[in-house]
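Q: My structure is below; once you've seen it, I'll send some questions.
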Amino acid sequence: MAEDTILSTSGLTKEFAGFTAVNSVDLSVRRGSIHALIGPNGAGKTTCFNLLTKFLAPTRGSIVYNGRDISREKPAEIARLGLVRSFQISAVFPQLSVLTNVRIALQRRKRGDSFDFWRSERVLSELDAEARSLIEAVGLTPFLGLTAGELSYGRKRALEIATTLALEPEMLLLDEPMAGMGREDVERIAALIRKISKNRTILMVEHNLSVVASLSDRITVLARGQVLAEGDYATVSKDPRVIEAYIGSGGGHGHH
Amino acid sequence: MTDLASTDAPAAIVTETDDGAARLHRNLFIAIAVALVIAPFVAYPVFVMKVLCFALFALAFNLLLGYGGLLSFGHAAYFGMASYVSAYTAKNWGLTPELAILLGTAVGAALGLVFGALAIRRQGIYFAMITLALAQMVFFFSLQTPGFTGGEDGIQAVPRGKLLGLIDLADDRVLYWLVAAIFMGGLLLIYRVIHSPFGQVCKAIRDNEPRAISLGYRASQYKLMVFVLSATLAGLAGATKAIVFQLASLTDVYWTMSGEVVLMTLVGGLGTVFGPIVGAIVIVAMQNYLATLGAWVTVVQGVIFVLCVLLFREGIVGVISKAIRKPL
């Protein structure tokens, strides 16, 4: 069981000035799975996500990744351990070219830190070929020379994925990968996520339940900061407590 | 294969534009070098040296704001303190000018390290306020230690001395070449920093810090480094200025000096390599040639500042850069 689990939390709790956003959550993500974290608005998904990615520090509880306690690590450090997050609003470097965006990630993985301010950036051109093939993989080759800020929303997301993959992460944490997307983009990104999930573990927070249903192996439902139910989509969607939580909060948004 | 063709074509375009920009920049560097050689023969050398000192100061500031995304409102601290140290050691310790300038620069760097380490803990407006507060502390220190700074009088009649103990710098036309060399060296260094692997990471952090962190970059270390580099070069500018004018005064550490460098950078073009030089020329020329207007110079400066922010957000060089679609 322990070898199967790549990421687990026990008693994970976050309190904000008397309000408990995440309350004693025990989560266990199996290696190689696509795991979704869902729940009605205010259920604590985003807080939970920010705790896992270390952008928030937990009040109590622990997070173990690959057998290592990362409860008190800094966000940059867990990225170096192979646990990489995405962002809800597309996370690109808008003033840098598409190529440079991906190369920045390669630069970190291949060179470690880059404090060499006296060297010409030409030394980075050895990374260009690999950056190009990653860009090719997400279908952005025709936009190689544009700055990331000039891309459409869906393409920014694709670029973000290429950048993330450049780190060869062992596990991806995706924060609402479909947020604000049109139907066509949703299908394209869903296919991309399925493609990159090979040999990787993915944990995602997602509102779009049809995406969750089609992609994830396992689903954890949060409500009021606590785990309400866990299982595959069929199990979870029939759970009366889950149905009640969604209806009680005004229906399942994203249920098109 | 069609795939291969589609990857090759845009790739060629990218390298072409990059090379095009690099060639343009090289030509600009040559043009600047030529201008530096001609300048003392067509303009008053002390005026040109003043422009060069402030241009270097603005370049240093722009490195931090334009490429590090960090708005410092306290750059006068590094400029002014380096100016004091350079003036004091040249006058009271009898150091040769190059040593006095080096020592001033080193003090600017050390101050930048301490202040930077404190300021980068906060972001945005709080960062700016911390840098301003720390710079004001330097101002009060300067005011309260007349034994070192000369108080209200400043350090006057600083000897220019002999470069390496050999070349007498009393003649403006001789000193000019030293100042021109320092300026060119500073410019080339900044250009290299911007176009280095380090510079790439700085630009990424400037564009999107949380994302850079999520890629595994320890953003605060990069920010501190770019802060120290900027403070060092601001110090170099201030230390050189003290030798040129044979004077270090409270004006150099006062907050208006921090404001002036912001103005120069914005007028010239924030985040452009060459903009701060143009900005410094405009502002220094205005102060010199409009000096007869007295206090009205400040009003004119204010109007330019407002116009710049309202109409000319990219600054002079920024607008040109946009027009020719090449980074400058």
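Cβ atoms are placed via backbone N, Cα and C, with glycine included.
The transmembrane segment annotation in TrEMBL covers B:28-47, B:54-79, B:99-118, B:125-143, B:174-194, B:224-249, B:261-286, B:293-312.
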Q: Going through B:28-47, B:99-118, B:125-143, B:293-312 one by one, which has the most CB pairs that fall under 8 Å from the transmembrane segment (B:224-249)?
A: B:99-118
Q: Please figure out which one of B:99-118, B:174-194, B:261-286 racks up the most CB pairs under 8 Å against the transmembrane segment (B:54-79).
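A: Per the Cβ count, the answer is B:261-286.
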Q: Given the transmembrane segment (B:28-47), which of the listed stretches B:99-118, B:125-143, B:174-194, B:261-286, B:293-312 has the most Cβ pairs that are under 8 Å apart from it?
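A: Comparing B:99-118, B:125-143, B:174-194, B:261-286, B:293-312 against the transmembrane segment (B:28-47), the winner is B:174-194.
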Q: Please report, as numbers and ranges, the same-chain residues at least 6 past the borders of the transmembrane segment (B:261-286) whose CB is under 8 Å from any CB of it.
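A: For the transmembrane segment (B:261-286), the far contacts come to 25, 28, 32, 47, 50-51, 54-55, 57-59, 61-62, 65-67, 71, 73, 75-76, 79, 187, 190-191, 194, 234, 297, 300-301, 304-305, 308-309, 312, 314-321, 327-328.
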